[in-house]
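Trainee: From TrEMBL, for reference:
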TRANSMEM  47-66  transmembrane segment
ACT_SITE  E168  active site, proton donor
ACT_SITE  D301  active site
DISULFID  C365-C394  disulfide bond
ACT_SITE  E408  active site, proton donor
ACT_SITE  E436  active site
BINDING   T525  Ca(2+) binding site
Amino acid sequence: MHPPSRKDFVSLTLTGQGSGNYTNSKQWRRQSCWRKWKRLSRLQRNLILFTVALMLVCGIATYPSVTEHFRGKPVILARACVSEVDRLEAVRDAFRHAWKGYKEFAWGKDELRPISKSYGEWFGLGLTLIDALDTMWILNLKKEFEEAKTWVSTELSFNKNVDVNLFESTIRILGGLLSTYHLTGDTLFLDKAKDIGMRLMPAFNTPSKIPYSDVNIGKGTAHPPRWTSDSTVAEVTSIQLEFRELSRLTQDTRYQAAVDEVMRKVHKLEGKQDGLVPMFINTNSGQFTHLGMFTLGARADSYYEYLLKQWIQGGKKETALLEDYLQALEGVKKNLLKKSSPNRLTFVGELSHGRFSPKMDHLVCFLPGTLALGAHHGLPADHMELAKQLMETCYQMYAQMETGLSPEIVHFNMHEGSIRDVDVKLADRHNLLRPETVESLFYLYRFTKDRKYRDWGWEILQNFNKYTKVSTGGYTSINNVRDPEYPSPRDKMESFFLGETLKYFYLLFSDDPELVSLDKYVFNTEAHPLPIWPTA
């Protein structure tokens, strides 16, 4: 018997020779394989071992799970084996897959329901399509963009007897149209932006000039929610970037005057605590309500974001905005910033009538990116250090879950001897495909060039593909990030998955700092870039 040829460095024949039968004896198979292994040269053995190791490193070994019926094909979890070009193409593939489902089952509707292959309506204005316009342009998906543009040109009408939410329609529709106009130069989108902007203005016809939450864009009437005369602070203070830009483009000062008046009133109001604002404001009195409750999560989050971004948008001239932002950050540090146990993760909790709660919404993960943006624009360097600490926390909200996806809300352990930093209540285990962590990863990578932020983003994208991708098109929110065997699809793809999440993934993996330069643009809270105004 001769040894294998030196020319065949990695071949290894496992069929039996002689009188033994390969299928009859496990012991014979072990001995036969061992004899053949011993016959190999050192070079052959090393090459085989290297090949096996490479396969393991690149994550080639994957397996199907019981959720395969609603997911696409398995993906490869890898870092070192994937180039940035591959990652960019993976984002484009994800968008195309989501768009496939939307186009086939929900074309022109607000939201895709990918499991039932149907759609959901909120305002009846094609929210997903409009939210995704600038994403398609940035991703250079020309065919898909032209399809959407044709729909905007021929089908989109705001002359409808329908109530819309002022905040949501401003950040998604007005913001999306303005952004697409700036990126493309096509006046179709500016004309549509003027139309919806004008139709939203009745919301400001209140005794206090604090806008109502709901507007009928066909009738020109507005009203608060049926259950209260309050609006949320985040909603009335997170429409400014869009209306200010609309005034600049149209030379009609009414839009900016309306939203600037809101900021002036909030700036002067009593009821704050160290710059932190309550969650509700009354449209009749113009005063804060539900005093003593402070959060950077739902109903307050983007107030803080827009303080900084308005200051940047306006050329860093409006000092009251900057003062309110800096004071609020000091209030966060004093009242809401704590450390978890056992790993001392920095997190932002909530305050209710002087009582601290270690509850943190995923929405709060906008904060690392906002802090980093402020530091980039000249604010104190310790803002960047805090951004890095909070970025680690937001990543751990994903990494410590069995699916690698973050829940909507977490509670941090603060007691010594805790086994894990993060607890998740049963009602909080859902994931809505939210963008905030990916958004902050984009800012942190753009400003620091630390590759770990890209690697973290890549992990998250792969887990979205693994647990939320629907084989027939689209992605779905899930009910349980703690159950990788059956995360329980919710049958809804939010418009912000295309408008924000995938856009920020693409920008995170792009090496081009001029692709939506952060020295030229500021993103609204729906990830629609608007220009920083030129200084005189």
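Each position is counted from 1, following the chain as shown.
Glycine is no exception: its Cβ is also placed from the backbone N, Cα and C atoms.
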Trainee: Name the residue among the active-site residues E168, D301, E408, E436 whose Cβ has the smallest number of other Cβ atoms within 10 Å.
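Mentor: Looking at the active-site residues E168, D301, E408, E436, the Cβ with the fewest others within 10 Å is that of E168.
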Trainee: Just to confirm: which same-chain residues, 6+ apart in sequence, have a Cβ under 8 Å from the Cβ of T525 (Ca(2+) binding site)?
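Mentor: Same-chain residues close to T525 (Ca(2+) binding site) (Cβ under 8 Å, separated by 6 or more) are I171, S238, S302, E305, Y306, F366.
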Trainee: Just to be sure I understand the packing, how many Cβ atoms besides its own are within 10 Å of the Cβ of C394 (disulfide bond)?
Mentor: 28
Trainee: In the three-state scheme derived from DSSP, which category covers E408 (active site, proton donor)?
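Mentor: The three-state answer is coil.
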Trainee: Checking the active-site residues E168, E408, E436, which are within 10 Å of C365 (disulfide bond) at the Cα level?
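Mentor: The active-site residues close to C365 (disulfide bond) (Cα within 10 Å), listed in sequence order, are E436.
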Trainee: Let's check the environment of C365 (disulfide bond): how many other CB atoms sit within 10 Å of its CB?
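Mentor: Other Cβ atoms within 10 Å of C365 (disulfide bond): 29.
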Trainee: D301 (active site): which of the recorded positions E168, C394, E408, E436 is the nearest Cα neighbour?
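Mentor: Closest by Cα distance to D301 (active site) among the recorded positions E168, C394, E408, E436: E436.
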Trainee: Would you kindly give the Cα-Cα distance separating E168 (active site, proton donor) and E436 (active site), rounded to the nearest Å?
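Mentor: So the alpha carbons of E436 (active site) and E168 (active site, proton donor) sit roughly 16 Å from each other.
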Trainee: Helix, strand or coil at the residue listed as 'Ca(2+) binding site', per DSSP?
Mentor: coil
Trainee: Cα distance, C394 (disulfide bond) to E408 (active site, proton donor), nearest Å?
Mentor: 12
Trainee: Would you identify the secondary structure of E168 (active site, proton donor) according to DSSP, in three states?
Mentor: helix
